[in-house]
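Contents: one structure, followed by commentary.
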Amino acid sequence: MTGISVTFGGIKALTDVSLTVEPGQVHGLIGPNGAGKTTMFNVACGLVRNSEGTITWRGQELRRLRPAQLAGLGIARTLQGVGLFPGLTVLENVMVGAHKHARAGFFSALFAIPTSDRDDARLRERAMTALAELDAADYAGRYPGSLPYPVQKRVALARALVAEPELLLLDEPASGLSEDEMHELGTLIGHLSGRMSVLLVEHHMDLVMRVCDQITVLDSGKQIAAGTPQQVQNDPAVTEAYLGDAVDDTTDVSELAGTDGGTHRG
Amino acid sequence: MSDLQTPASSPASGAATSDAPTTATAASNASSVQATGGRTLLPRNTLLRHLLVLVLCAVGAVILLESTDLGFNAQIGYVAFYAIAAGGLTLLTGLNGQISLGHGALMAVGAYTTALLLDVEEPLPLVVIFLAAIALTSLVGAVVGVAAARLHGPYLAGATLALAVGLPGLALYFRDFLGGEQGLTVSSPDRPDWFVEGIRTLSGNSASGVKWIAYIAVACLLVTYFLLANLMRSRIGRTWRAVRDQEVAAELSGINLGTWRVLAFLVSAAAAGLAGAVLALVVRLTAPTAFTIVLSLSLLTAIVIGGLGSLLGALIGSALLVFLPRALRDAGESLDMDAAQAAEISYVVYGVILVLVMLFAPAGLVGSIRLAWMKQRARRAGARTRG
């Protein structure tokens with residue numbers, strides 16, 4: 001993503017931000033509240049249109065990207081909060097995540113042709129594998145509303161992973177988690193990075209510093225630093241943004257556009 | 001009544017684990033119902049399971065039709081066309097979360113198509129006529145669905161309301177072709193000889209035209225519910241529910257919201273078209289007054305009372321719609337009221353009963369029973385882990 005700018009009603013939420021996620025790497029996107037992290041994320045997903053700049057994926061420029069196309073391109077994302085389907089069981093939630101792997105079509109379902117059953121069994125198996133990987137297989141038959149928040153987050157992650165993406169976009173995966181759970185999450189993200197690229201938006205500095213290979217720091221919609229965790233940590237601009245009086249009210253506009261699907265902010 | 005409820009009981013309970021209404025989610029806090037497996041005598045294969053239920057229901061329906069008089073047979077015909085339309089609507093509203101006040105009008109499309117195609121010297125085979133009615137209604141439904149896919153809640157209700165109000169008006173505008181206010185009389189299709197013979201050997205009853213039409217209606221109902229249950233149980237149904245529950249998450253999973261909404265509308269309209277075709281045969285008249293907004297609202301009432309998203313609920317709701325006012329009227333007459341008084345009071349009592357059901361069983365009859373069952377299971381499961 002190069003030179004991304006986003007304007008909401010005359011207010012610049014993002015100004016000329018560029019970042020590149022290298023294959024197999026974990027890229028962190030951090031910044032104070034209202035810095036434009038989620039907006040940047042939503043641009044990457046096609047939920048928000050960038051007014052300037054280009055998005056390139058696998059060497060091709062993505063124009064007029066629609067969210068429903070992401071999965072087909074090998075990009076999966078989790079939502080801030082959890083965004084699970086409340087009326088579907090945990091297993092079904094994850095099976096929906098495997099949507100792009102489904103083969104059986106409408107008519108085989110209508111007439112209950114056995115291929116439809118077999119196809120569904122295949123999706124169920126994929127979903128169970130993903131749930132087992134995240135230690136959530138025991139909850140397969142439950143409804144998300146009845147589960148503790150950390151488990152819901154794991155299920156949401158399983159739903160993203162079951163699509164076997166090449167790029168995984170994680171929007172504040174650690175929000176609402178305890179220290180221990182965050183530690184486990186860090187280990188998990190470390191495992192994932194071998195299989196896919198990860199773009200991570202996160203508040204928790206220790207997690208970001210631990211798992212990320214590269215970090216981009218935003219403040220007030222501008223990119224103020226980029227580099228390895230060490231480089232970023234030692235950057236005076238970053239220290240100022242976090243400790244100084246950098247958070248001012250006007251920058252909160254990006255939150256207004258945060259399409260977090262009706263779920264609460266962590 | 002109890003015989004009547006058997007038809008879709010198992011397709012619906014087969015789908016029980018998958019089509020839990022949204023309200024069930026909140027109440028299922030302690031439950032751990034396995035989505036698959038569990039103790040069941042039914043085969044795991046969806047096709048075999050649903051076919052088995054279909055055959056059982058067909059047998060039950062034949063017994064019901066042969067053990068009751070012709071008047072009751074005719075009423076079964078009414079229940080059947082209400083239930084076909086309500087089944088399609090419960091898929092649209094319960095599974096996909098789209099509301100439609102226009103299903104009465106869609107039924108009109110099916111009914112008028114059937115009436116026109118039967119009103120010739122040599123009518124086509126009934127199956128062809130029904131398929132034509134379904135196809136035409138699906139087409140109208142798809143057009144409406146494309147508009148509906150962009151609308152939500154009250155806006156969608158408004159748009160479909162326009163359909164309900166506007167479409168029957170066409171019959172008045174094309175008076176010569178569609179019969180104006182008087183509507184079109186539907187000529188009854190001939191009973192085939194094998195049917196007359198079959199009924200005589202089976203029960204000794206005479207196979208009148210009314211009975212033939214009741215059988216057609218019930219057959220249509222069973223086939224429709226078989227197909228709808230297949231869809232609801234499959235990935236298609238799951239995807240519809242995902243779109244209903246969380247649009248953004250569904251979209252990020254690669255689901256094109258618009259396509260799936262239009263598909264739901266199309267399937268639902270197809271059911272409404274068939275319901276209209278059956279209505280034309282059962283009522284033997286298609287007139288604009290039969291397809292007003294009242295019909296659409298009745299269908300919504302039926303699915304809400306029965307339990308949104310449940311085929312069994314749609315069937316029970318439809319049966320209530322037909323039998324409750326009649327039963328109340330009879331009860332009134334037995335209390336020495338004259339016919340007019342009884343008819344009036346029956347609507348009041350009917351309304352009160354509906355309000356009570358909504359108060360005490362907000363998830364609908366089937367939904368509430370299912371919730372109670374799930375709670376019970378959870379309690380037992382909890383006791384087991386503790387013990």
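Placed from the backbone N, Cα and C atoms, the Cβ positions cover glycine too.
Residues or ranges marked as region 'Disordered' in TrEMBL: B:1-22. TrEMBL lists B:47-65, B:71-92, B:99-118, B:124-148, B:155-174, B:212-231, B:262-283, B:311-328, B:348-373 with the feature transmembrane segment.
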Would the transmembrane segment (B:71-92) and the transmembrane segment (B:348-373) count as touching if the test is at least 3 Cβ pairs under 8 Å, pairs 6 or more apart? no
Spell out yes or no: are there three or more C-beta pairs under 8 angstroms between the transmembrane segment (B:212-231) and the transmembrane segment (B:47-65), with each pair 6 or more apart in sequence? yes
Using a cut-off of under 8 Å between C-beta atoms, tell me which stretch among B:124-148, B:155-174, B:262-283, B:311-328 contacts the transmembrane segment (B:99-118) the most. B:262-283
